[in-house]
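Undergrad: If you look up TrEMBL, you'll see B:4-187 marked as domain 'Prephenate dehydratase'. Sequence annotations record features per position, and here TrEMBL assigns site 'Essential for prephenate dehydratase activity' to B:Thr180. Among the features that TrEMBL reports, domain 'ACT' is placed at B:206-283.
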There are 2 protein chains.
Amino acid sequence: MTISIAHLGPPGTYTEQAAVFYVNWLAKNMGIEAILCPYPSIAQSLQAVAVGDTQLAVVPVENSLEGSVTMTMDTLWQLDELQIQFALVMPIVHTLISCATSLDSIKTVYSHPQALAQCQGWLQQFLPNVQVIPNNSTTEALQKLEQDWTIAAIASTRAAQLYNLPILASGINDYPENCTRFWVVSQPKTKAVEDISSTGASHTSLAFSVPANVPGALLKPLQVFAQLGINLSRIESRPTKRSLGEYLFFIDVESNATSAEMLSALADLKKYIEVLKIFGSYNILPITALEL
Amino acid sequence: MTISIAHLGPPGTYTEQAAVFYVNWLAKNMGIEAILCPYPSIAQSLQAVAVGDTQLAVVPVENSLEGSVTMTMDTLWQLDELQIQFALVMPIVHTLISCATSLDSIKTVYSHPQALAQCQGWLQQFLPNVQVIPNNSTTEALQKLEQDWTIAAIASTRAAQLYNLPILASGINDYPENCTRFWVVSQPKTKAVEDISSTGASHTSLAFSVPANVPGALLKPLQVFAQLGINLSRIESRPTKRSLGEYLFFIDVESNATSAEMLSALADLKKYIEVLKIFGSYNILPITALEL
């Protein structure tokens with residue numbers, strides 16, 4: 001059996017790196033073969049799963065420096081029916097890739113806005129006068145580097161290797177503890193996925209809207225979890241897109257959706273919210289630097 | 001007296017539009033003259049006020065479709081001492097600006113990532129095959145349009161007028177109720193600012209960090225406000241940048257920081273949090289489409 005996995009491309013993005021890790025993990029632990037399918041955006045990766053073009057997608061959810069990847073959250077809420085199978089947590093080490101012989105000759109630096117933001121201190125210190133240009137992915141600018149030695153790109157070591165380009169500086173992220181969390185998502189009832197999905201899942205992700213302009217509207221849902229001793233590992237608000245000041249809340253809880261306390265919490269929760277979407281229960285696979 | 005106002009430039013950005021509104025408001029209501037100082041980033045606009053290069057800055061905080069402007073929140077937390085004097089809420093109407101004679105000849109669309117995100121449905125429907133390229137501001141690409149008739153930019157009607165460029169399509173945002181909230185910030189004790197800051201301010205913004213990995217860590221601060229009948233109009237989490245899963249919380253409350261209930265809430269709050277930063281109390285100035 002071969003399964004297909006959508007991800008933000010082209011090859012060499014951090015999302016592809018996480019997807020490659022997952023492909024290896026599937027082969028080693030499940031004897032399952034998987035192929036990667038690059039898409040130009042996160043939204044298109046998720047849509048590929050929703051319409052059945054691929055069986056899985058690997059998408060970034062949150063970075064320890066730059067916070068939530070809002071495109072992932074907004075698309076999951078919109079597509080409605082996708083389920084999270086696994087979370088992957090991957091260390092992020094940025095490198096400066098360029099054909100320049102020294103930092104002095106660099107005039108322009110390209111990368112994805114999140115990567116640029118994660119290296120802004122380093123850029124201010126070592127390249128204070130360069131022009132910084134955002135791209136759709138960390139790898140988009142790599143093909144320009146050989147033609148123009150005055151430009152550089154911020155991407156992964158893997159990207160430099162894949163494109164056979166020189167690394168000018170390594171580990172240029174402002175904080176060494178830089179991690180990104182990814183989700184592996186599928187349609188709810190894919191046979192291939194049932195075989196590989198985790199048993200005894202430790203985390204559940206869900207999102208809900210609350211009645212507009214009611215004082216304490218968020219407090220009551222949070223109390224439901226606290227009273228049942230369920231810990232929240234993350235809470236994030238997103239606009240409903242209806243009007244300024246109306247929000248959806250995305251919550252990760254440290255419990256399985258089928259546990260007794262969660263069943264009770266979910267039943268209670270329905271009294272205080274408008275729309276509830278449960279994105280599934282899953283385990284976390286940490287990726288060590290050695291495995292990359 | 002003339003005061004100086006930093007904003008994300010160049011002229012023609014939505015932030016400049018909000019700043020121009022505020023300049024007119026100051027002249028009309030306070031008899032105060034103000035000049036605008038464009039900066040290449042939001043962070044640099046805020047730093048200009050922090051080091052005293054300008055007396056005020058106008059910065060975007062939140063859009064009704066795309067959510068928080070994380071750069072504003074992260075910089076305010078980092079700079080520590082800046083105070084909010086006013087909130088401005090401005091309707092956003094995006095236009096497609098191009099020298100092309102029809103949509104068919106457009107191959108590339110440039111804009112700020114938030115503007116591109118706010119028009120993604122329209123782009124998918126009317127320009128499904130164009131390349132979409134993010135820029136540092138909505139106006140960055142405008143100077144290229146006259147040379148290359150195959151490119152278009154998404155920006156404001158004001159930007160098209162300022163640069164004397166044709167509008168190909170108007171009101172192309174996916175949701176008509178598209179608004180952005182801006183903050184006018186200053187140093188805490190600027191004499192010019194004391195004269196113009198609002199009396200009887202209706203809202204207060206603050207941020208705090210909570211002890212790591214304590215169940216219900218966010219619940220207790222929220223209960224403090226709920227028990228005193230103080231309504232929260234917004235809650236937003238941001239990573240502490242220390243490690244994945246540790247957050248700061250940014251909260252807007254519908255109360256003045258000097259009111260009896262808020263003084264009581266702030267005293268209580270200190271029991272449950274690590275670091276508290278109060279960004280000040282302020283009133284909201286709504287901007288109508290007619291005033292733009």
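A Cβ is built for glycine as well, from the same backbone N, Cα and C atoms used for every other residue.
Where the annotation comes from TrEMBL, it is an automatic prediction and has not been curated.
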Undergrad: Within the domain 'ACT' (B:206-283), how many residues are helix, strand or coil going by DSSP?
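TA: Looking at the domain 'ACT' (B:206-283) with DSSP, the answer is 19 helix, 27 strand, 32 coil.
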Undergrad: Over the domain 'Prephenate dehydratase' (B:4-187), what is the model's mean pLDDT?
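TA: Mean pLDDT across the domain 'Prephenate dehydratase' (B:4-187) comes out at 93.
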Undergrad: Please list, in sequence order, the residues in the chain of B:Thr180 (site 'Essential for prephenate dehydratase activity') that are at least six apart in sequence and whose C-beta is under 8 Å away from its C-beta.
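TA: Expected: B:Tyr14, B:Ala18, B:Pro60, B:Val61, B:Glu62, B:Asn63, B:Ser64, B:Val89, B:Met90, B:Ile92.
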